[in-house]
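Here is what Swiss-Prot says about this protein:
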ACT_SITE  227  active site, glycyl thioester intermediate
ACT_SITE  409  active site, cysteine persulfide intermediate
BINDING   101, 122, 129, 130, 131, 132, 133, 146, 161, 162  ATP binding site
BINDING   210, 213, 300, 303  Zn(2+) binding site
DOMAIN    350-454  domain 'Rhodanese'
């Protein structure tokens with residue numbers, strides 16, 4: 001970002017503050033004019049056009065239109081906002097990365113608060129299964145690209161749902177010195193954190209923590225669960241999105257944002273609250289909890305004293321976030337001979353004795369399942385060494401040694417892991433018994449066999 005752009009952003013902020021002061025002076029002047037005993041004589045001299053259109057004459061005295069006063073009036077009378085805060089909101093710009101369950105409510109409330117410029121970055125398309133939480137979209141927009149790409153904003157909201165994007169967005173905010181409001185939600189829980197606030201240059205440990213400070217190492221790939229896999233309750237992600245909007249509004253209205261490189265020596269730097277992470281749990285006895293976090297880590301890769309991150313790395317694409325998070329390839333543990341197409345399994349199941357194991361969690365199995373299948377959740381295989389009391393041992397104890405076993409899951413990933421696990425336990429009888437998974441899982445079952453299969 002060049003110096004001219006930074007100077008322009010600094011000037012816009014100065015204009016907003018000056019307009020707020022001007023509004024106060026105009027209020028004082030108006031009060032004096034109303035008390036002036038000669039006010040009637042002044043009104044008599046008012047031009048006919050001004051008498052015909054008094055609204056236009058009055059509006060010229062105020063920094064906002066009368067419509068804006070009416071729209072944001074109840075917000076402006078809150079002491080934490082006021083006229084100055086509202087003018088700051090009007091001149092501010094916010095970038096939302098992700099227009100899904102978090103981004104939709106956040107965008108709605110940010111726009112409703114009167115933020116002047118809102119950018120939305122999202123390369124995904126609208127899916128019908130997302131409409132219960134992505135409230136800006138409707139069924140007639142299914143398949144439409146959600147948003148374009150916008151840059152150069154005052155605050156960034158991370159409304160994505162994957163570690164790779166969270167690390168990427170945080171790194172960019174550190175390098176460009178932008179505060180970041182990050183949130184996540186899964187099942188019945190959510191978390192919220194304001195990062196890089198204050199947004200000081202890398203190496204300045206008085207700045208706010210970044211995402212790498214809080215999570216130096218990404219979670220293992222097998223531990224990452226998306227809303228599509230783990231499920232989400234709409235109001236939960238809605239709560240977190242609204243809280244993101246609230247944090248952004250608080251930051252802007254407080255006047256604590258500063259342009260990159262701006263150094264005002266005439267006023268002390270405002271004291272920032274310690275970084276905390278807000279934890280929300282629908283089923284908890286205390287739904288909201290705050291966890292206090294340490295500041296910037298001195299050895300942080302992105303913002304520490306010897307930060308190794310540079311804009312050139314981001315521009316050139318040399319920073320591989322997929323590799324960093326350990327997600328270099330899709331799951332491919334089995335050979336083609338160990339996998340079977342859904343249509344081929346459909347033919348086999350009608351003619352041959354076999355065992356079909358569905359490794360989805362019970363809550364998903366109860367939604368819909370293939371007739372004759374047995375449910376042994378994927379979670380029961382994690383850490384299991386094939387003990388005698390494991391459901392799999394009970395199920396296969398009296399099974400013919402040559403009876404084939406097929407494994408199915410939702411998308412064809414967990415089923416590969418379980419198939420390999422079963423072979424490692426020796427259930428393939430040293431190759432005498434076929435054990436394989438249904439390629440593509442139940443999604444392929446819907447595409448190739450049963451078009452009426454519920455897709456969730």
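Any Cβ shown, glycine's included, is placed from N, Cα and C.
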Give me the Cα-Cα distance between residue 210 (Zn(2+) binding site) and residue 101 (ATP binding site), rounded to a whole Å.
23
Three-class DSSP secondary structure - residue 101 (ATP binding site):
coil
Would you mind reading off the Cα separation of residue 409 (active site, cysteine persulfide intermediate) from residue 227 (active site, glycyl thioester intermediate), to the nearest angstrom?
16
Tally of DSSP helical, extended and coil residues in the domain 'Rhodanese' (350-454)
36 helix, 14 strand, 55 coil
Inside 8 A of the center formed by the CB atoms of 210, 213, 300, 303, which other residues of the chain have their CB, for the recorded Zn(2+) site?
170, 174, 196, 209, 211, 212, 296, 297, 301, 302, 304, 307
Which whole-number value in Å describes the distance between the Cα atoms of residue 101 (ATP binding site) and residue 213 (Zn(2+) binding site)?
26
Say you check the Cα of residue 227 (active site, glycyl thioester intermediate) against those of the binding-site residues 161, 213, 300, 303; which is nearest?
161
Whole-number Å distance between the CA of residue 300 (Zn(2+) binding site) and the CA of residue 161 (ATP binding site)?
23
In the chain carrying residue 161 (ATP binding site), residues 6 or more apart in sequence that have Cβ under 8 angstroms from it
98, 100, 101, 102, 184, 226, 227
Mean per-residue pLDDT in the domain 'Rhodanese' (350-454) works out to 91
The residue listed as 'active site, glycyl thioester intermediate': secondary structure state under DSSP, collapsed to three categories:
helix
